[in-house]
Structure formats: C-alpha cells, structure tokens
Amino acid sequence: MEERILTQNFTQEDATEYSLRPRWLSEYIGQEKIKQELKIYIEAAKKRGEPLDHVLLYGPPGLGKTTLATVISNEMGVGIKITSGPAIERSGDLAAILTNLQENDILFIDEIHRLNRSVEEILYPAMEDFELDIVIGKGPSARSIRLSLPKFTLIGATTRAALMTSPLRSRFGVINRLDYYSVEELKEIIKRSANILNIGIDEDAAFEIARRSRGTPRIANRLLKRVRDFAEVKGNGYIDYNTANIALNMLGVDEMGLEEIDRKILIAIIEKFGGGPVGIDAIAASVGEDGDTIEDMYEPYLMQIGFLNRTPRGRVVTKLAYQYLKYPYVEQRRIEDV
C-alpha cells in the first residue's frame, strides 16, 4: 500500500528535473525572507534535537514548494517521504505511511487541501501528540486503540490555502507563502540550470527567457530546455538572444510571458462577456478548459501582472489588458475596475 502511495515511475525526464533542483538553502535562489526564517528554525530544532515544527507552504504552482521540502530534509539531515492529498484515499493509507516513518523524518503532502476529511482527522493527533488512533473491528465489538508514532515533521503544500479546513491549517507552526520570482532571480536560475545541463547561453538570452517565464522557476526551466532543442536543430547549439527570441516566439510565448490559453481567456472575457464581470464556469466553458485549472495555473499570473481583477461579481479584464491586446477600452464598462 505504502509503495503505491509514495512512489511513481522514475523517468529520464524526472531525473533531469531532479538534477536541476537545489539541495541546500545556500543553493536555493529566491524566496529570501522564507530562507532566512527557515535557517533559524532549522538551526534551533537541530540544537534541541527535535523535529522541525510542522510547515505549510502555499502559493501558485511551480514556485518550488516540493524543492523547498527536500532542501529542508537535507538541512535537517533526515529522510523524507513524498505523497499527495489525492493519493491518500483512506485512513489506512495514511496510517501505513505514518507508522513507517523514522524518528524526525519529514512527511511531505502535496495538494494537502485535497485530503479526504476522514483522513485529515487522523492527522490531528498525529501532528499534535505523535499518536495514531485506529479502530479495530466493526459494529458493537469495534474498539479504538492509540499507537505511539515517531516524532516527525509534516510539510504540507497547496496552491489553494483557502480550501484547507481551519483545524488543519491551525496545526502548522510555520506558514509561508511563496511569491513569484523576479526576472533577475529567474535569470540566475536559468544560468544555473544551463550550467548543470551543459548548455551554452549568454546573459541576454538568459534574461529574455527569464522575462517570459511568468515569475516561475518550473516554467523557466521548461522554456530553457525547449529553446535548447531549437538551438541544437536550427543553430549551433549555443543560445544567444536572437535564438532565444525566435524560439520563444515559435512557442507562442509573448513578451509578457502570456501563452495561447492566457490570451484565449482574456479575449473570451472581452469579446463574449463585455470584459466582465463573469464567473469562472462561464470562462471555462468558453475556452474549453477546466475551471480549477484556470484558477490554479492561469488566473494568479494574470492578476499578478494586472490584466485581470477578481470581484464579488466575477472576473473583470483591466484597462491594461485591453491596451496590451489592442482592444478599444470603453470607460463606462469598467465601473468595477478601480
């Protein structure tokens, strides 16, 4: 049971992704405030010989929550078990994981907001008292027994912290929000990844890829690898500014980092719904995309760059987006856009 929940097939692509991940806080680029706090918490926990307090990491996808969890395990010198909320279907699944942890180990649960409520309730005594309540038998003869667990650290990650229940969220002693990365930080990440992958790249090319990476390291590394493919097939393998610019344009990634689906979302709201306000379900139906995907993957960045507002009545495209997409903007439409 535990094997199914904790492991996946390890592909060559996974190996490449893993090689790009920093292993220590000193190698981790960006999120400076979080790193400084974690250094203190980790050093204090190690001095006391205790596990690190439970940690909740939240923010848009691709910002390094899983990577940061593995960095914490390395800094603490302990093992880490990685799973996800949807993978833990029954309380028995979680019990199997918890009882197989070693002292001071880290349990990382991605998408923790998607935990089954009955599973979540098993976590409460485990997080607070390092004890596990299990029920043996059924019906009138059923009885509950309490097992002692090794002390451990739970690191939860979520893109939608608002969907977590208050009892679960309140049990985390350390709560950090990961923010989008600056272009300069992404440029350093791209240069580091290029060095690991033996890719030749100049400063201007690294900056151009970073500029179009939506503030997200995962996207920056993905674009770097696709530009590398272009450079190897259409050029001499070296990535200069011209090569990067042509490749990114071919990929449909514009100067703001917008891709086809971003433009479809904005244009659909403008052309079909008068610029908004409009609900997420209507947007999803009009562009043929899942509503949760739009909320998790596309909407946060569009809001971050000021192209989309979320109001009580729905989503509204801003004047800035109208100007960028070269659509005429009618002022009286945008009473909500202030």
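Just so you know, glycine gets a Cβ as well, placed from its N, Cα and C.
Keep in mind it's a predicted model, so treat the numbers as computed, not measured.
According to Swiss-Prot, the region 'Large ATPase domain (RuvB-L)' annotation covers 1-181.
Under the three-state DSSP scheme, Gly62 (ATP binding site) falls in the coil class. All protein chains shown were included, and the count of other CB atoms within 10 Å of the CB of Gly62 (ATP binding site) stands at 22. Annotated ATP binding site per Swiss-Prot: Leu20, Arg21, Gly62, Lys65, Thr66, Thr67, Glu128, Asp129, Phe130, Arg171, Tyr181, Arg218, in sequence order.
Sequence-distant neighbours of Thr66 (ATP binding site) (same chain, six or more apart, CB under 8 Å from its CB) are Ile82, Phe108, Asp110, Ala157, listed in sequence order. The Mg(2+) binding site feature in Swiss-Prot is assigned to Thr66.
Helix, strand and coil residue tallies for the region 'Small ATPAse domain (RuvB-S)' (182-252), in that order: 51 helix, 2 strand, 18 coil [DSSP]. Annotated region 'Small ATPAse domain (RuvB-S)' per Swiss-Prot: 182-252, in sequence order, evidence recorded as sequence analysis.
The average pLDDT computed over the region 'Head domain (RuvB-H)' (255-338) stands at 86. The region 'Head domain (RuvB-H)' feature in Swiss-Prot is assigned to 255-338; the stated evidence is sequence analysis.
Among the features that Swiss-Prot reports, DNA binding site is placed at Arg310, Arg315, with the record citing sequence analysis. Other Cβ atoms within 10 Å of the Cβ of Arg315 (DNA binding site) number 25 in total over all chains.
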Notebook entry, point to check: What does DSSP assign Arg310 (DNA binding site), in three states?
Noted result: strand
Checklist line | Cβ neighbour count (within 10 Å, all chains shown) around Tyr181 (ATP binding site) | finding: 24
Next item on the list: Specify the secondary structure state of Leu20 (ATP binding site) as given by DSSP, simplified to three classes.
Entry: helix
Notebook entry, point to check: Just how spread out is the ATP site if you go by the largest Cα to Cα distance in Å among Leu20, Arg21, Gly62, Lys65, Thr66, Thr67, Glu128, Asp129, Phe130, Arg171, Tyr181, Arg218?
Noted result: 37
